[in-house]
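Listed in Swiss-Prot for this protein:
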type: BINDING; residues: CYS1564, CYS1567, CYS1585, CYS1588; note: Zn(2+) 1 binding site
type: BINDING; residues: CYS1580, HIS1582, CYS1607, CYS1612; note: Zn(2+) 2 binding site
type: BINDING; residues: CYS1722, CYS1725, CYS1740, CYS1742; note: Zn(2+) 5 binding site
type: DOMAIN; residues: 316-480; note: domain 'Helicase ATP-binding'
type: DOMAIN; residues: 510-676; note: domain 'Helicase C-terminal'
type: REGION; residues: 1560-1767; note: region 'TRIAD supradomain'
type: MOTIF; residues: 427-430; note: motif 'DEAH box'
Amino acid sequence: MRNSFPPSDGGRSATDRRQQSSHSSSTNRYNSRSAQSSPPLNHRPTWNQQHSQYPNSNFPPNYRRDRNPSSGYSPPVTRARPNFIVQLLHPAAANSDTKLCFSTKKQEIESLALLCEIPEESIHVPQFGCIAGSFSFRQWVDARSAVVALWDYRLQGKHEFVPELIPNVIVPSDMNELKDRLRDLFSSHILSLMENGEGVKKVRLEIEEKSRQVVSFSSKRGLKFEVFEKKKAIEAERDLVVNRLEEFNNAMKSILRYLIGQDGYEFDLDDEEEGDVAVFCLEGAYDWRRIHCLIRRECRRLEDGLPIYAYRRQILKKIHREQIMVLIGETGSGKSTQLVQFLADSGVAASESIVCTQPRKIAAMTLADRVREESSGCYEENTVSCTPTFSSTEEISSKVVYMTDNCLLQHYMKDRSLSGISCVIIDEAHERSLNTDLLLALLKKLLSRRIDLRLVIMSATADAKQLSQYFFSCGILLVNGRNFPVEIVYSPSDTEENSVVGGIASYVGDVVKMAVEIHKTEKEGTILAFLTSQAEVEWACERFITPSAIALPLHGKLSFEEQFRVFQNHPGRRKVIFATNIAETSLTIPGVKYVIDSGMVKESKYEPRTGMSILKVCRVSQSSARQRAGRAGRTEPGRCYRLYSKNDFDSMNLNQEPEIRRVHLGVALLRMLALGVNNIAEFNFVDAPVPEAIAMAVQNLVQLGAVVEKNGVHELTQEGHCLVKLGLEPKLGKLILGCFRHRMGKEGIVLAAVMANASSIFCRVGNFDDKMKADRLKVQFCNQNGDLFTLLSVYKEWASLPRERRNKWCWENSLNAKSMRRCEDTVKELEICIERELTLVSPSYWVWNPNEGTKHDKHLKMVILASLAENVAMYTGYNQLGYEVALTGQQVQLHPSCSLLAFGQKPSWVVFGELLSIVDQYLVCVTACDFEALYMLDPPPPFDVSQMDERRLRIKKVVGCSSTVLKRFCGKSNRSLLSIVSRARSLCSDERIGIQVDVDQNEIRLYAPPLDMEKVSALVNDALECEKKWMHNECLEKYLYHGRGQVPIALFGSGAQIKHLEVDQRFLTVDVLYYGDDVVDDRELLTFLEKKIDGSICSIYKFAANKQDCDEKEKWGRITFLTPESAMKATEIQKFYFKGSVLKLFPSLSTGGGIFKMPYFSSVTAKIRWPRRESSGRGCLKCPSGDIHRILGDISSLEIGTNYVHIQRDQQSNDSILISGLGDLSEAEVLDVLEFRTQRRDLNFFIFRKKYSVQCPSPTACEEELHKRIFARMSAKNPEPNCVQVQVFEPKEDNYFMRALIKFDGRLHFEAAKALQELNGEVLPGCLPWQKIKCEQLFQSSIICSASIYNTVKRQLNVLLARFERQKGGECCLEPTHNGAYRVKITAYATRPVAEMRRELEELLRGRPINHPGFTRRVLQHLMSRDGINLMRKIQQETETYILLDRHNLTVRICGTSEKIAKAEQELIQALMDYHESKQLEIHLRGPEIRPDLMKEVVKRFGPELQGIKEKVHGVDLKLNTRYHVIQVHGSKEMRQEVQKMVNELAREKSALGEKPDEIEVECPICLSEVDDGYSLEGCSHLFCKACLLEQFEASMRNFDAFPILCSHIDCGAPIVLADMRALLSQEKLDELFSASLSSFVTSSDGKFRFCSTPDCPSVYRVAGPQESGEPFICGACHSEICTRCHLEYHPLITCERYKKFKENPDLSLKDWAKGKNVKECPICKSTIEKTDGCNHMKCRCGKHICWTCLDVFTQEEPCYAHLRTIHGGIGLVE
């Protein structure tokens, strides 16, 4: 800007109003103004009044002296040229040609003229140009007054225009006069500010307030430590404010000295302190605009109160005296913007430049703009500049230059003396970036050569001592901040460290919980929570739901508008901000009062051992933790909640590890080699990298062709020099140079730009639906060559758009517009750099086309491979393992965002940008590469390509297995599958081997190296053969009818045949008990038992008992044998030793199946014992405290049985009584008498027994005897032999008693109690009389439930337990287990309460079963999917219930209250049926015979939202799931068919795989037509129509000769297995088929079995053999008694043959009977009468009296007797 006046080197003449000016100067020079509204200094109005102020008041204003005044004078039409012009420059236009609004300008100028009383005719306002307006004057005095007035009003803040005097008549004395006037004006203004300025007043009030607070603390005695610390903090704040005021006054005095020093005027100013440095270097002519800007900037600094302002002179002193200084100041102290201005103001840089480096380009540009704005008018134009990129042709010319540390490094390489730079400021040194550390090391060497160079290292949290010691123990200056005190609260989490649920670490949930707790309990104030990633931030925002608060995300991928939301106010709602470490130092959020520190941060770390850069979550450093805590004390005292312990904090690193130890050193080594540093290991780093990192970096540079080794010294190649000039990461530079060689320069530059910004281009934020939409939008850009090609296509399309459309296009396609612009800036910088440094022309055209596959794709892939040759990974061949990194052998997966996944394929070889370590490790920025290209690399890759390819896992498919076999092959929860995988890996010594089962495709995929494939295949085939054998042998154990007693059992198996019919009540099923801690392999265990017993297993049931349940934990399961002989043999063997564990087999409690299946009833447990050591006759009674005297009185004279006992007090114990003379009495016998005499139940009595134990029978013998006795006493209800189980424990040497555990069926509790009561006091065989059995009158049982069930039924369970407590006879106790579950222990003195209480508990804890006709196996299988699990969780949350899914049996139960169960059942049925229906309306876009790019083609053809299909199929609702490659159709089946047709047409088009083959129609072997509603048989996998199979079953039921039922396929004939019958037939039909099969079995048994002779009786009995006697069969169904030999009524004592004859001729039996007997017939009724003794008078049953001698008949007995006496001489009695 031009000066307002010429240099003040002219004198004043005697004729130029000396007296007036002298008087004006002397009287008004140092007087301050009394009020802002008073007229300007030395100014009087000159218009419309006497002009006494002017020398000749007779002349009017603007009067020229060459003309005489005349009252009639009228000015000519053409105005005369003015002598003086005062121009007004607008501040916005002072340094530019900015166009201003003319009307606004004119209004402002006219208002200002009116204020200064300037005539309207003097005003001129141009429409264009940088001059806002001007005033014309003829008289000097008017012009001078106008200038002074305008500056006065500007100083008062009434306008912003800059006055500038343009004199047409130059008189030196006039200029001096004006200078004096303005100097007086400015001096008065400065004095006014120092005395009464508004800023000064506020600061003084603040000092007074702080002083009062300090005094109030000082008046108190005995201050606590916290209060004392608070006092110290306030004193520090007060001192800071005082220093600010002193600094302001010092600056004002510095300006005053400059103002008065021009002409040597004396002024009463305090002398400068000794050694003080002038804060302003003001020389030469007065620049009033600059002086005013300096004053205003000082006022702003005073009001802003930046802490560094108080340290200005202290900083300047140090910089003037010392060459190096470390400046430590907290974020927000102002060091980044103010220090450069301090140095520029003070002139420390002289005529050279001050350079301030920043780690990031955006920071350098932002700070330069800010400093330029703050210092506007304080310096000349272009004093402050920013150099974001290096150019070898540009020189540093500005006074203050902001640039990146990378840019300064490039300058250093060009000019190793940094000529033209006098001061270097390294900002943000606490970040310890690679460039910063390298720059510090190079500057250290330079400082010894350039003594005039100054270095200032600025940091917020850096280790000042380390930096000071590194720089020759230089000085450290600490700038204390203005933070408020922050209370630290350590609140470590109870969850296991690093535990992960659903991909989210546990600490994220802890942060959300803490935020909820703070919101509920703490006062108002914003909550700021620190997490590590965008995913965690979004997860936390979704989980934090509170009406009175708003959760806001803050991370680097948000747009500016979204980030700005955290700075806005939300009335009535508390802000809860979940942020990444972007909120640590980069941003200052107002109002934050509470901080939640998770203690975790995500860092990129280079691992020299593997040569990989890994982004992983780790602990923060102490300095970062303090930074986070400091966020809570910006505006008021705050609190920081650290979710870790104080010990954890103490164990953290003090500072963040320097980047030089965390990143690849390629760029640094290139620059050092370019600088001639040959021995890098001995280079003087601040923190030297580990030697391995240096070696790996050198190896990488050699691989890239940038470095070669000659004579043991590494030298740069020609390509290496080019990479140095580019200043990029070597891999990016290699990428660009490689593309230029293939004439694809544009593509190479863009690739380098997008690769550097790859993680932020696609914008996947928001809720779940938003993210899914973003995924769909991304598909249209996905390229089958990988992520870099995808990013390249995105940039190409974006760059082709007009600029005004780009932002909207990014928004529509979920792209980050800011990242795209950043890529564009990078592209432009690279183009300029390449043209300037490499003299290459950057092409403006594209060669590569993303829509066409050409040679350019191959070239690009080759260039990318050459640039990332060390980052190669090979697909292992096994999806679960993913890719194997070539250098390290790690198995990692592609990141879910990888473009390759959109094509459903995994290329064999890929290159990747970096490894991302979150919960798992992922490859990111992945590009496919060709196998042949690996051999073309020069130099060759640092791994053996051929060897890696040989180790690749091959795949072998095992087909022909049914879904049932595959499920059983996997086992419950895949345990059997995992076991066989473990065995295969152990056998082959290869942990990569895998086995994958696809039930939908009915195949097993084996993954193994070629050499091991046969071993793995053999293992799998053996297991499959086992499962197939068991499936073919599988039987249903069915009772022929329901009832007790001797109920026949049939084994109903494959072919619908009866495999065995058991009518002799021999058991077939055994319970298997496993005693061992290791998890057992079920298949191995069953195979072991079959071999040991030499029998076939036909049914297996695995118990689902909780391992923590002490009653059930040893039970493995239940197995059924095909023959009772095998079952008996299994139970006869005492123990099986299996892999170091013990197996025991017992006859099973519960057998049967179908409608006659007997339910298993929970067991009740009782304990018994008998002594092993004989009694000594003495015992001890322990009394409750304080009751011994009373008890002694009660038992003073005691007789027990026939024994008189002696009572005495124990002298060695205060609460014991000794009792002797007991003989062989037991503890129970004595205690019963004692309790009766004392009427107490709290006594404790024990007998002193002899030292040695007597010989007892073995535990096995005791078990058998006890079982025999108890079972004999329980036989009233014909119980099964297995209703009682007895276990006698092996005693230890020091045990006084033998102990046994008895378990019995809870239904028989009454019989069991009676049996145990009778057993009490008995003596077992082989025991002595005193070894009496004692049954503990305490029965126990327990039941366990999971924590989830407990939380659901907690209230009902408590109510139930409370009711149990009120009942007599039993107790219940609830206790948690160590694994988080809950156990209910039931204790009672009788068995019935135990059984009843357990039954009610089981009903509550096991829930209500859900039976719905629509819940088929296929429908219920949805619940095992991820969507099904989420569905159950949602219903559980909404209905407050818990849903139990039995995955093995596919049954569903619901726990909760009756009302809630009903609601949950209704919702579950509705939701699951809807989901099943939707699954029927899914179209899959991925499969073995589907073109891999089908999903992209669908998106390309119909749009990401499938709008093209919706327009053609009206009313259909479609949604594309990109993760699963599925189109979900919501609409009718007809709509689905239409959509499917459109997709199929697209799929048939030409693709990389060619046309899709036509589907082969399958013919049903029964109806010989195309299969309709097909079903594959489990045994042979042949496909039939389901209806045909059902018809086959129906025909077999009608024709008994059709058994067994076989597969109808030609050359098959395999029996249809039980699994098929269960799947195809209802229970009713299955029972009907069983009945038909039973009839067929009996009919075809060759007479071995027969049905009961009673019509329609279902019972069957075994026919006695020819040599067997006819044993009776008592039918349990109809109670008939039948001879098993002749099948007639049971006929004891008569042979079957004779009984048959008697049946045929009843008289024959009478005659046979009468032989040899005194027998005659009644003459009347012909009845046979046998006479054995007595007289000859006989009476027949017909009532007639008969004479036995002559058979005469009489009606009465007297005539008969008379006849005997008369005719036969007597009645026939022998006298």
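Note: Cβ is positioned from N, Cα and C throughout, glycine not excepted.
It should be emphasised that the depicted structure is a prediction, and the values quoted were computed from it without experimental measurement.
Of all the binding-site residues in the list CYS1580, CYS1607, CYS1612, the shortest Cα-Cα distance to CYS1725 (Zn(2+) 5 binding site) is found for CYS1607. If you average pLDDT over the domain 'Helicase ATP-binding' (316-480) in this model, you get 88. Applying DSSP to the motif 'DEAH box' (427-430) sorts its residues as follows: 2 helix, 0 strand, 2 coil. One residue stands out among the binding-site residues CYS1564, CYS1580, CYS1742 for having the most other Cβ atoms within 10 Å of its Cβ: CYS1564. Note on proximity: among CYS1567, CYS1722, CYS1740, CYS1742, the binding-site residues of the record, the Cα nearest CYS1580 (Zn(2+) 2 binding site) is that of CYS1567. Listed in chain order, the extra residues whose Cβ falls within 8 Å of the Cβ center of the Zn(2+) 2 site residues CYS1580, HIS1582, CYS1607, CYS1612 are PRO1565, LEU1577, GLY1579, SER1581, SER1608, HIS1609, GLY1613, ALA1614.
For the binding-site residues CYS1567, CYS1607, CYS1612, CYS1740, the ranking by surrounding Cβ atoms (within 10 Å, all protein chains) places CYS1607 first. Distance noted between the C-alpha atoms of CYS1742 (Zn(2+) 5 binding site) and CYS1588 (Zn(2+) 1 binding site) is 71 Å. Counting only residues at least six positions away in the same chain, the Cβ atoms of CYS1564, ILE1566, CYS1567 sit under 8 Å from the Cβ of CYS1588 (Zn(2+) 1 binding site). With a cut-off of 8 Å between CB atoms and residues at least 6 apart in sequence, the same chain places ILE1729, CYS1740, CYS1742, LYS1744, ILE1746 near CYS1722 (Zn(2+) 5 binding site), listed in sequence order. Ranking the binding-site residues CYS1585, CYS1725 by how many Cβ atoms sit within 10 Å of each one's Cβ puts CYS1585 at the top. Reduced to three states, the DSSP call for CYS1585 (Zn(2+) 1 binding site) is strand.
Other residues of the chain with a Cβ within 8 Å of the Cβ centroid of CYS1722, CYS1725, CYS1740, CYS1742, the Zn(2+) 5 site, are PRO1723, ILE1724, LYS1726, SER1727, ILE1729, ARG1741, GLY1743, LYS1744, ILE1746.
Residues near HIS1582 (Zn(2+) 2 binding site) in space but far in sequence (CB under 8 A, at least 6 apart, same chain), listed by position: PRO1565, SER1576, CYS1607, HIS1609, CYS1612. In sequence order, PRO1565, ILE1566, LEU1568, SER1569, VAL1571, ASP1572, PHE1584, ALA1587, LEU1589 are the residues of the same chain, not among CYS1564, CYS1567, CYS1585, CYS1588, whose CB sits within 8 A of the CB centroid for the Zn(2+) 1 site.
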